[in-house]
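A.B. asks: I'd like to ask you about the structure that follows.
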Amino acid sequence: MSGENRAVVPIESNPEVFTNFAHKLGLKNEWAYFDIYSLTEPELLAFLPRPVKAIVLLFPINEDRKSSTSQQITSSYDVIWFKQSVKNACGLYAILHSLSNNQSLLEPGSDLDNFLKSQSDTSSSKNRFDDVTTDQFVLNVIKENVQTFSTGQSEAPEATADTNLHYITYVEENGGIFELDGRNLSGPLYLGKSDPTATDLIEQELVRVRVASYMENANEEDVLNFAMLGLGPNWE
């Protein structure tokens, strides 16, 4: 992938597509992605696989979002963050953020497991994966899985197409809740301390409030463009 053509087809917000890609990277078969239709309605939450280990949000970017990407972590938590270096690859980075911060879900010796272990002594104290080695790893993943990007139920756009839809990830790490966005050059965003009474990530009020803020700030025509995926036990 040349410097002039560092772009991929955007991944469809589809649990099967995300799960297939994650399994290729090393996610154990006992875990999978699934649709989340609400963070607050009990009747919809009751049918979700639990515990939820990560939440991926697809949302339309507006001017408010563009101006808020300078926020950064203000704590020493060991959350892992990848800088996005490939256009339209935010779905892949959402998967990387989900899995890298839940390494117990990875098969030992898998591609991502091996990469993270190889970097454990060389990455910075803030676990910022934004170096040349990381970039090459991501490019290799894309090369080996190029067909996966265009799978799904909808017609795939061109890799170089401009889109206003973007994926970010929420995880809990060492008692903190984080928003991970590869395009936020300041790194991971620390939302605050996790609620110790919550059974998993989907019950964390900080996540609910943050997602709600995106929906409230969206233009009326963009409200239907939101989607959420959760990472949890594979019920199939």
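Here the Cβ of each residue, glycine as well, is placed from N, Cα and C on the backbone.
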A.B. asks: Which is it, of 79-88, 129-138, 159-168, 219-228, that Swiss-Prot names as region 'Interaction with ubiquitin'?
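C.D. replies: Feature region 'Interaction with ubiquitin' in Swiss-Prot: residues 219-228.
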A.B. asks: From the Cα of Asp181 (site 'Important for enzyme activity') across to the Cα of Cys90 (active site, nucleophile), what is the distance in angstrom?
C.D. replies: 8
A.B. asks: Hey, does DSSP put Asp181 (site 'Important for enzyme activity') in a helix, a strand, or just coil?
C.D. replies: coil
A.B. asks: Including all protein chains shown, what's the count of other C-beta atoms within 10 A of the C-beta of His166 (active site, proton donor)?
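C.D. replies: The Cβ of His166 (active site, proton donor) has 20 Cβ neighbours within 10 Å.
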